[in-house]
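According to TrEMBL:
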SIGNAL    1-15  signal peptide
DOMAIN    16-58  domain 'SMB'
REPEAT    95-139  repeat 'Hemopexin'
REPEAT    140-187  repeat 'Hemopexin'
REPEAT    188-233  repeat 'Hemopexin'
REPEAT    370-427  repeat 'Hemopexin'
C-alpha cells in the first residue's frame, strides 16, 4: 500500500506541475516543464490546461504595465534653427516626399524627410517636431530606410548608403555602423525602402524586405530570442509591437501566420520585380512600413474559426441554403469591423469608406435580389474572418495600402494612392481647392 500511495503522490505532483492552476498570474517559470505566460503559445510551451485558466484571467491581464516611451539618446535638446528661407523639408505640409517611415518598439511612428524627422500621433505631427536626425540619432540625414524588428528585443535599424546603424532602445550598439554587405548578405546598398515582418513562430525566421528601383529583395534573420531571454527583455523594456503580435497569435491563429509569413516567395539573394509581384504599385517607392495586424471580434474566436471551416466544408449547395442568414451575419460583422478598425487603426486613414458605401448600396437595393451577389458576399465574409496584415508604401506625396496576403493594393473610397499630408500629417486641403 505504501508503494501505491507513493506512486499516486508522484502522479499528483507531476500533474500539478504540468498545470496552469494558480500560475497564470506568475508568468514564465524556467523551473517548470511547461509555461503559462502570455507568450507560451508563440513558443509552443503552454501547459495542456493553459487556455482554460487563461480565460479566467483574460480581463485581469488585458492591459499590462504601461510601456515606457522609447526615446533615442539625444546629444542636443535644442530645436533645429530656422533661417530666413525655411527648409521645405522641415515644413510639415510642404508636400515633399519622405525618405522613410518607421515604427518603434513602443508603437511610436517616425517619418524621416531630408535632414529632419517627425513623430506622428493618430491625427498629426507631435508638437516639438521636426528635429534634426543628426541631433537625435547621430546620423547626418537624409537616410534611405529604417525599420524595427518585431520580436521581444525590438532593435531598430537605419540604412544610409552602404552602411546601417543598429539601435537598442534608442542607444547605438557597439561596433556600428557596419557595411550592409557584412550584415545583410546580397542586399544592395542605397536602398529606397524597407520593412520587417515577424517570424511565423518561434521556430521560424523573421524577414525584412528591401526595395531599390524596380526590384525588391528579402532577407531572413538568423536568430530570435528564446522564451526565457524574451521574458527578461520584456521585463526590462517591453515591445508593444511584439506583444500585439503574440496577443493575436495566442488566439489560435498559428496556422494563419505560418501561411501568411511563409508563403511570401523566398528570394534570399535574388531580385524580383515590384510591379510584377505587388499588384497596383508603381516602382520605385520612397518608403515602406508594415501596419498593425488587425483582427475583428468574430475572427478572434476559436469557435468562430471552427464554424467558418465547417461552413466552407459544407459545400456550395449547403452554403446557399443559409445565404440569407449569412448575409445578415456578414452585414453585422462588417459594421462591427468598421467601428473597431476606426478605433484600432490610425485615425487619418479612412479605410472603411468602401464598406460604408457598400452597406449603403445594400440598404437601397434590398428589392433587387440576386443570389449570385449573396454568394459572393458569403464567401467574402468567410475570407474576412482572418487577421489582416497591411503594408504601407509611400511614393511622392501619396501612399498605398497593400494587403500582404494578396499582395494587392486595397480598394477604397477614395481610391489609393491617397494624400500623405491629409491622412498622416493632418494637413488641411489647399485653399481654393475644388471639392
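We number each residue from 1, going along the chain as drawn.
Just so you know, glycine gets a Cβ as well, placed from its N, Cα and C.
Per-residue confidence over the repeat 'Hemopexin' (370-427) averages 81 (mean pLDDT, predicted model). DSSP labels the residues of the repeat 'Hemopexin' (140-187) in these numbers: 4 helix, 19 strand, 25 coil.
Helix first, then strand, then coil: DSSP counts for the repeat 'Hemopexin' (95-139) stand at 5 helix, 17 strand, 23 coil.
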